[in-house]
Amino acid sequence: MTDEKRPHPASSDLVRWFILVLCSAAAAFLLAKLHFTAGLLVAPLVLAAYMAVRGWQTRVHNSLFAGAQATIGLLMAQSLTLPVLHEITLRWPIYLLSVFAVIALSFSLGWILMRLRIMPGSTALWGSSPGAASAMTLLSSAFGADTRLVAFMLYLRVVLVVIGTSVVARFALHPAHFHPLGGMPERLPHADALVVPVVLAITLAASFINFPAAAMLLGLASGILAHMLTSAALAPSIWLLAPAYFVVGWVIGLRFTMDVVHHAARALPAVLCSSLILIGACAALAIPVARIAHTDWLSAYLATSPGGADSLAIIAASSPVDMAFVMTMQIARFIILLAVGPTLATWLAHRARHLDRP
């Protein structure tokens, strides 16, 4: 009799999703009323993390996440027009120096954590990567790192960066002399009617490509190509961006299950401390970067922040910043990390083992 009255797991899961969607929408609306930057990302992220810690074990379907990333890729492409891309080629030393400075800071902290033996093996090195979180989590397993700890380190820092940069962007003063690399291009007429099939096609294509964030990069390339062919932006409206922001927030938040939190509890103080040090160091690095690049500090801060490119794209789009500068730096770091990150982490791990030999 008791079994008959017990709710079916699928219906219970559906009710929880309904509650999460409803609460995310209400919290995002409240944050918007308070003029909180990127409330559409922060609200679902925090609520999803709360529900995950409370024991709700579920995940966002890969296709839904790929669609969200494709939509955000199209958003990124709005700022990367041909004049902007030409301007970027003239400033390439600034971008490369800034990217490698952030990578050096990150792996230096990872090296220190590894030498202190707070985490097993090379886990601290992989978990210190300043971005490309999903890629680094996947790659770390092939090199003997604890993937749960790696994921916890990377996504905890993403959460800290998202909340921290949202607060900074909300209260930072925007200078009157600010001149971005380029303005936003005009949207294509009836853009959403074109965006939806493009996003669906990208989502399908990304499912056949074994490459991290393939949907985001395909969306970025599609948006740039559309602007080159039409001189207008294939730009999604807020009605398409808002669900994409929610999905990204849920994907990040739902990773913080009770199992993962318990597993990482011993290392939490060191991970939290190193993450805050890295965020602070990148904020300090933004001062000379802003001066050299002739941009404002907030743009340089978002550009050097060690979070995910997708989440920082959302914050940049919600803030009065030079989005082209931010996106170029974030995308450049993402690609460079995929190219050199695994090799660098492996070399440092071998180096540490060599030093430990008597």
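In case you wondered, yes, glycine gets a Cβ from its N, Cα and C as well.
Please treat TrEMBL annotations as automatic predictions, because they have not gone through curation.
The structure displayed is predicted, hence computed values, not measured ones.
Feature list (source: TrEMBL):
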TRANSMEM  14-32  transmembrane segment
TRANSMEM  38-56  transmembrane segment
TRANSMEM  63-86  transmembrane segment
TRANSMEM  92-113  transmembrane segment
TRANSMEM  149-173  transmembrane segment
TRANSMEM  194-218  transmembrane segment
TRANSMEM  238-256  transmembrane segment
TRANSMEM  268-290  transmembrane segment
TRANSMEM  331-349  transmembrane segment
The transmembrane segment (194-218) vs the transmembrane segment (63-86): 3 or more CB pairs under 8 Å: yes
Proximity of the transmembrane segment (38-56) to the transmembrane segment (238-256), 3+ C-beta pairs under 8 angstroms: yes
Within-chain partners of the transmembrane segment (238-256) [C-beta distance under 8 Å, separation at least 6 from its ends]: 20-21, 24, 28, 38, 40-53, 58-60, 64-65, 67-69, 71-72, 75, 151-152, 155-156, 158-159, 162, 192, 195-196, 199, 308, 310-311, 314, 317
Long-range environment of the transmembrane segment (268-290) - Cβ separation under 8 angstroms, sequence gap at least 6: 94, 98, 101-102, 105-106, 109-110, 112-113, 116, 118, 127-128, 130, 152-153, 156-157, 160-161, 164, 296-297, 299-301, 303-306
Beyond the flanks of the transmembrane segment (92-113) by 6 or more, those residues with Cβ under 8 Å of it: 119, 124-130, 270-271, 274, 277-278, 281-282, 285, 289, 292-293, 303-304, 306, 328-329, 332-333, 336-337, 340-341, 344-345, 348, 352
